[in-house]
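Feature annotations, reproduced from TrEMBL:
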BINDING   A:H100, A:D134, A:D197  Mn(2+) 2 binding site
ACT_SITE  A:D102  active site
BINDING   A:D134, A:E169, A:H447  Mn(2+) 1 binding site
ACT_SITE  A:E168  active site, proton acceptor
BINDING   A:D197, A:H230, A:T332, A:R345, A:S419, A:H447  substrate binding site
DOMAIN    A:210-365  domain 'Peptidase M20 dimerisation'
SITE      A:H230  site 'Important for catalytic activity'
There are 2 protein chains.
Amino acid sequence: MSTENVDKFLDHIEKHQDSLVERLRQAVAIPSVSGDPAHRPDVFRMGEFLVKELKNLGASVETRDPGEQDFHGTTLKLPPVVLATIGTDPAKKTLLVYGHYDVQPALKEDGWNTDPFTLVEDEKNRLIGRGSTDDKGPILGWINVVEAHNKLGLELPVNLKFCLEGMEESGSEGLEAIIHQEADKYFKTVDVVCISDNYWLGTSKPCLTYGLRGVSYFHLTVEGPKADLHSGVFGATIHEPMTDLFAIMSQLVEPNGRLLIPGIYDLVRPLTDVEEKTYENLDFSIQDLHDAVGNEINLHNTVRDTLQHRWRFPSLSLHGIQGAFYNPGDKTVIPAKVTGKFSIRTVPDMEIPIVESLTAKYVQSLFDKLGSKNTMQLKCTHSGDYWLASPDHWNYVAASKAVKKVFGVMPDLTREGCSIPITLTFQEALGKNVLLLPMGRGDDGAHSINEKLDRSNYVSGTKLLGTYLYEVAASKGE
Amino acid sequence: MSTENVDKFLDHIEKHQDSLVERLRQAVAIPSVSGDPAHRPDVFRMGEFLVKELKNLGASVETRDPGEQDFHGTTLKLPPVVLATIGTDPAKKTLLVYGHYDVQPALKEDGWNTDPFTLVEDEKNRLIGRGSTDDKGPILGWINVVEAHNKLGLELPVNLKFCLEGMEESGSEGLEAIIHQEADKYFKTVDVVCISDNYWLGTSKPCLTYGLRGVSYFHLTVEGPKADLHSGVFGATIHEPMTDLFAIMSQLVEPNGRLLIPGIYDLVRPLTDVEEKTYENLDFSIQDLHDAVGNEINLHNTVRDTLQHRWRFPSLSLHGIQGAFYNPGDKTVIPAKVTGKFSIRTVPDMEIPIVESLTAKYVQSLFDKLGSKNTMQLKCTHSGDYWLASPDHWNYVAASKAVKKVFGVMPDLTREGCSIPITLTFQEALGKNVLLLPMGRGDDGAHSINEKLDRSNYVSGTKLLGTYLYEVAASKGE
């Protein structure tokens, strides 16, 4: 590895950090809210901004059109997927970088202290603005790396490919098909993938993320009367759908968080000593959980148990009921048809069809026990598989070395409890190792008010991404 | 009793029934929807219509102003309570008649076959229109009785007092205070009360109604996180309010309708042989229940069990949840604060404070067992007591004799499962016997589309009300 080049790069970033912040300011100023039709032109504008930046840096840029979207009856054009290539040297490894240029909605009235689309740096050097950390900062991080090399007259140590979408915050519509279509074409030469779209576990230590839980969402419908009934007239004379629904849903999970579906824990991959070790010295405390939740309602008393239940054990949450009374006040109705909503977070090796069938069998047995004359139906409305990469892969080893070099510490090895479906899509479509390499901190408030990216995370994150390229290049790739 | 006068009266009603229908047509044409501010002037107009009718018949009419109403932030004037007196002969008994001149909302678009405010008589001689049976037909029944006597030159056998309100469909705002205020004044001479604002049990046999269930409404709130949380990030790591709520609410009532609150059935008055007999030969079948519900989901297989559970045993219904996800689709949220709504229908001798305290104690014990770190609060948001009159009272005996005379059968003795709070108010404020003497049939669809009153019920009902006056007069009053 050219240590000299890395040092030049690191020095350049440190010295030019204000121009990096200026680039982020320009990007945040474009309110590319994918979930709001009024802002759809801004999402396109943000795509054009990135195309221009990439072209200016010498990238060869193409776009793919994901087509149209039905937005509550209105047809909207989907913003382009931006594909860019920098370097095609067959002697170098090729890294695919994914990011998204759309953002969550944000209004000053939501409680922001400042205008969400004007980047503001506060007294703690936090860069505050919608999209700062999710995901404009990380995307620009890669662009900053390329720019620095151009200005320094240095060649990039790897070939880079970009895949940037504008619909991530709205379900990544159309992207999955494009990835599969391009797997043997545009993405054919890719060796490994890096996604910077999640967060450090805490606020002080970088991490590499190698696993995500899957999710299966269920609708449990109980139906009886033809229409809602008066509880005074019919109470205690008919089978009430709500009573049946509560009887079943109360038997899905214990108040201590343990799933009651027979056989479900038999599917969970046993903890190994090696994995157990990754739960030591993590940048996380029970106080962090209390802070995030705003109350001391932790189920587990240790970081180890807490994070294992977030990352590598299943969970089941009850979300709500459709068809029942939900307004303030009192209403004495017997709802005729109610649909309870719950979801199961899945982990290795819980295969979706088995989870679905164990759940269906158990729910049916609970309903049968009720002796109800109502009808019951369970439907799995969507399922996304868990994702697990090997943190021993050279891609992770390279990233670890880069973290050590830039931050002076070894990164935490983390998973996340939620799903980022595109991660699994890349792994399955390309058959390559995928690394989640976050730039922001755990308290960035990605989807909340006053979203921020610390200046130090943005600057050091850019350094990390660049250094990682050198480590990837230096790796024997085995 | 003057059989001759009764016969003249019955004959007059039979011969002039078309003019009775015409009066109902005029009343239905006034859309006195108390729940719709746009129709508030029509409610006042309906009040004036009745004042005019009563004055034309020689009644001495006064009104009481219940004041103003806060309708979702708008101040609305409440329609007057119309008090009318016909006859003040101290030698005669005095009967207080209650009715309401407002109606439920109705729009053609709701599914009415005809304009709701144009009375239409169909091929089965059903008088279709909003308010026909609830409660304009019964109010006009009394007026028809007075008019017939005036035209026949006959004296009424009793003194009549009217209490007609215009807010019954919207909570009878202001009425209770007026009844208490006038108990020793305007209502001082009242001997018994008759309310015609409910329905026959079935469609072929009149009934007298002597009992109503009470209702206590509860809000059960479980609160944990400061804000809604992502179930992927927090599932299985914190105490989820929904899990706690379902655990408690599923333990309130069994799917077979039996309440699980310890001690609650000890409060229920035992069935006597005398009462048991009133459940024989009722104009009701399990098929009627199936028809009303639109599905064969009966808990009990006999009319006796079904009606006893509707009328004289408690019930507990789960109505819904405030604060949880209720829309169509999928949302993977852990709600931070959820309020489950349920109500208990109460019967003799379930006293409200005891019901509340047994429920509170039981819910607390269920919550304690969960070992949850969330907080729980149970609140009784409103309570209305059950009402039970003695069907042996001379007021009921008089009504029975009148039914026998007009219809040729003895009436069913019924209760209802729901509450009509004003019934209890009259009984308590005046300390007099209250009789519910319905005019319409069980299938009139009082609050539904195509509300109707059969012509025969309107005409025979008018005959019944008049004949009842003679039986009241003839009763020894003991």
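One-based numbering along the chain as shown.
Even glycines carry a Cβ here, placed using N, Cα and C.
Here the features listed in TrEMBL are placed on the structure.
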residue: A:H100; record: Mn(2+) 2 binding site; Cβ within 10 Å: 29
residue: A:D102; record: active site; Cβ within 10 Å: 27
residue: A:E168; record: active site, proton acceptor; Cβ within 10 Å: 24
residue: A:E169; record: Mn(2+) 1 binding site; Cβ within 10 Å: 21
residue: A:D197; record: Mn(2+) 2 binding site; Cβ within 10 Å: 23
residue: A:H230; record: substrate binding site; Cβ within 10 Å: 15
residue: A:T332; record: substrate binding site; Cβ within 10 Å: 21
residue: A:R345; record: substrate binding site; Cβ within 10 Å: 29
residue: A:S419; record: substrate binding site; Cβ within 10 Å: 20
residue: A:H447; record: Mn(2+) 1 binding site; Cβ within 10 Å: 14
Quiz item: Near chain B, which of the recorded positions A:D102, A:E168, A:H230, A:T332, A:R345, A:S419 can you find when the cut-off is a Cβ distance under 8 Å?
Solution: A:H230, A:T332, A:R345, A:S419
Quiz prompt | the residue listed as 'active site, proton acceptor' versus binding-site residues A:H100, A:D197, A:H230, A:S419, A:H447 - nearest by Cα | solution = A:H100
Practice problem: List which of the binding-site residues A:D134, A:H230, A:T332, A:S419 have their Cα within 10 Å of the Cα of A:H447 (Mn(2+) 1 binding site), in sequence order. | Solution: A:D134
Self-check item: Span of the substrate site, taken as the largest CA to CA distance across A:D197, A:H230, A:T332, A:R345, A:S419, A:H447 (Å, rounded to a whole number)
Solution: 51
Quiz prompt | Which same-chain residues, if any, lie at least 6 apart from A:D134 (Mn(2+) 2 binding site) yet have Cβ under 8 Å of it | solution = A:V103, A:Q104, A:D197, A:G440, A:D444, A:A446, A:H447, A:E451
Quiz item: Other than A:H100, A:D134, A:D197, which residues of the chain come within 8 Å of the Mn(2+) 2 site, judged by Cβ distance to the Cβ centroid of those residues?
Solution: A:G99, A:D135, A:P138, A:E168, A:E169, A:A446
Practice problem: Among A:H100, A:D102, A:E169, these being the recorded positions, pick the one whose CA is nearest to that of A:S419 (substrate binding site). | Solution: A:E169
Exercise. For the domain 'Peptidase M20 dimerisation' (A:210-365), provide the mean pLDDT of the predicted model.
Key: 96
Practice problem: Sort the binding-site residues A:E169, A:H230, A:T332, A:R345 by C-alpha distance from A:D102 (active site) and give me just the closest. | Solution: A:E169
Quiz item: Rounded to a whole number, how many Å is the Cα of A:H100 (Mn(2+) 2 binding site) away from the Cα of A:R345 (substrate binding site)?
Solution: 24
Practice problem: For A:E169 (Mn(2+) 1 binding site), identify the closest of the binding-site residues A:H230, A:T332, A:R345, judging by Cα separation. | Solution: A:R345
Exercise. Specify the secondary structure state of A:E168 (active site, proton acceptor) as given by DSSP, simplified to three classes.
Key: helix
Quiz item: Cβ within 8 Å of the Mn(2+) 1 site's Cβ centroid: which residues qualify beyond A:D134, A:E169, A:H447?
Solution: A:V103, A:Q104, A:G131, A:D135, A:E168, A:A446, A:E451
Self-check item: A:S419 (substrate binding site): secondary structure state under DSSP, collapsed to three categories
Solution: coil
